[in-house]
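Enquirer: Before I ask anything, here is the structure I am working with.
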Amino acid sequence: MHVPAITTDGSAHLRRGVFYPALGFLAVVVALSVAFPSATETALTTLQDTVVRGLGWYYVLIVSGFVIFAIWMGVGRFGDIVLGKDEDEPEFGIFAWFSMLFAAGMGIGLVFWGAAEPLTFFVDPKPGVTGSEGQLVNSAMSQVFLHWGFHAWAIYVVVGLAMAYAIHRKGRPVSLRWALEPVLGDRVKGWAGDIIDVAAIVGTVAGVATSLGLGVQQISAGLVSLGVIDEALDWHLVALIIGVTAVATLSVVSGVGRGIKWLSNANLGLAGVFLVAILALGPTLFLLRDFVQNIGNYLFNLVPLSFNTSALTGEAGIEWQAAWTTFYWGWWISWSPFVGLFIARISRGRTVREFVAGVMLVPVLVTMAWFTVMGGSAIYQQMNGQDLTNPDGSVTSENALFQMLENLPASGLLSGVAIIMIVIFFVTSSDSGSLVVDMLSHGGHPEPPTWSRILWSSIEGLVAIGLLLAGGLVALQTGAILTAVPFSVIMIAMCFATYKALKSEYREIRRLSRRAREREWQLELTERMTPAVTSQVVDTISENFEDHFGEQVDERISSAIDEYDAEHTDTDTNGGTSR
């Protein structure tokens, strides 16, 4: 049964076919994770192993395909199509737009993995990677850029572009189902559309919960580093999730214009200051040289890295692929419903080309700079005798950033700033995700009721708690990978739907443009030809008047004279008789 999203008075209406299935599924996951943590961890590990071994190649192939699709949309013939009415201007300025999409799209992950991932790849290289110290550094940074570069943002482009066109160009509600209208038609209004939105909600909550879990792990590590707590216990993590979720709930209730926008702008500025401080206090020249070199190595190795499945590196390679690349592709896909919808909502008035360039190029450059400064500083310290690893040579991800900061001046201040950034990124991720999930559960209404915003924000926190208790980081990674499987199929359909819609739009624009040009040419031709034609006709008539009209004029004149003479003859005759 179709339940309308908007009532006659314009208020939001709960879409039961979406809300209750999504809520029920997530409630079961939380209940099982809390009640049976060990059994849940075992089940998640088994599922992850099955998915990674069977579908790892699939993730690699489709995500690389998304990159190709995004570039094609940006540089191709559809690039000038406006995501909105032709006269629409962008709703947000460049800085505000970029800060909102960046904070929602990467946030916590950049802070969590900024130092940890490059350092891990350097001290424990990917199976099959060997060479000198310099070669290992180059390989590590190229792999990091692969995980956080064009591929991640291309995933967001696929969902964001499809939804921006549907929302702003076609006037559809803010609901993911409408992205597939070009291929499903009216079926998006029924159960097929409900399935799409349920998958989007589950994926979004899992993706956000993964980020929240990572965030509280790093916050607790920072508190240990500052001496606030001696050891991070489970109850610390739970308390942190509850506390920051409460702040996120206040932000999401305030709305996108005030809460999310203000926090995003503030945190982006804070992150910029933090980045410059690390660059200035660390090995500045090394980092600047490394940044340029890292970009070149990444671009040079982009194609082979994009399609690498660790097929020839045995069991170790498969395990590494599962823990890193496959996890990241699953994580980005699970995030894509909410990030894509969110950036679609704030991108009205942008052209397709502006959208693709803004979403892919600028964030990728900033991400490269961030990982070069954070990861490069950690690697530099490691190479110069300041050991950041554990006794067994491994890297503890949540500790790596604070260990690196301890070797810099003003380490306490920098650690405090890092914790503040994590909290704000935590909040922006949670409130952005909650707002999008709430809109989906209300059929795409842009202003869903406050009670449901609070509910979804709380559910995200509960899922994060459940996954942490059921196995920590491994459970978080597994949740992201598993929820991405069904939604990846929807994303493939979105590519076809977007192409079909933009192709039809492009043809209509060309047809209207051709008709407009034809009218302009006709008017211009008429304006130019009318004086010349008139002059030519007058000259021709003047020159050939006697030939064409002489006899007729003579006959008319003779006839007129005869009539005149006859009238006057009659008058004279009558006059004479009367006298």
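Heads up, the Cβ atoms here are built off N, Cα and C, so glycines get one too.
Residues or ranges marked as transmembrane segment in TrEMBL: 18-36, 56-75, 95-116, 145-167, 195-215, 235-256, 268-288, 327-344, 356-380, 408-427, 454-475, 481-502.
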Enquirer: Quickly jot the same-chain residues contacting the transmembrane segment (195-215) by Cβ under 8 Å, restricted to those at least six beyond its ends, or write none.
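Expert: Those are 15, 18, 21-22, 25-26, 107-109, 112, 175-177, 180, 188, 241, 244-245, 331, 333-338, 341, 398, 422-423, 425-426, 429-430, 433, 436-437, 440-441, 456, 459-461, 463-464, 467-468, 472-473, 476-477, 479-480, 482-484, 486-487, 490, in sequence order.
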Enquirer: Can you name the far-off residues of the same chain, 6+ from the ends of the transmembrane segment (18-36), with a Cβ under 8 Å from a Cβ of it?
Expert: 194, 197-198, 201-202, 205, 440-443, 452, 459, 462-463, 465-467, 469-470, 475
Enquirer: When you check the transmembrane segment (327-344) against the transmembrane segment (481-502), do you get at least 3 Cβ pairs under 8 Å, counting only pairs 6 or more apart in sequence?
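Expert: Checked: the transmembrane segment (327-344) vs the transmembrane segment (481-502), in contact.
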Enquirer: For the transmembrane segment (356-380), what are the same-chain contacts with Cβ under 8 Å, counting residues 6+ beyond its ends?
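Expert: Same-chain residues near the transmembrane segment (356-380) but 6 or more away: 70-71, 73-74, 79, 94, 97-98, 101-102, 105-106, 110, 114-119, 122, 137, 140-141, 144-145, 148-150, 153-154, 156-157, 160-161, 271, 275, 278-279, 282-283, 286-287, 290-291, 294-295, 298, 343, 347, 350, 388, 400-401, 403-404, 408.
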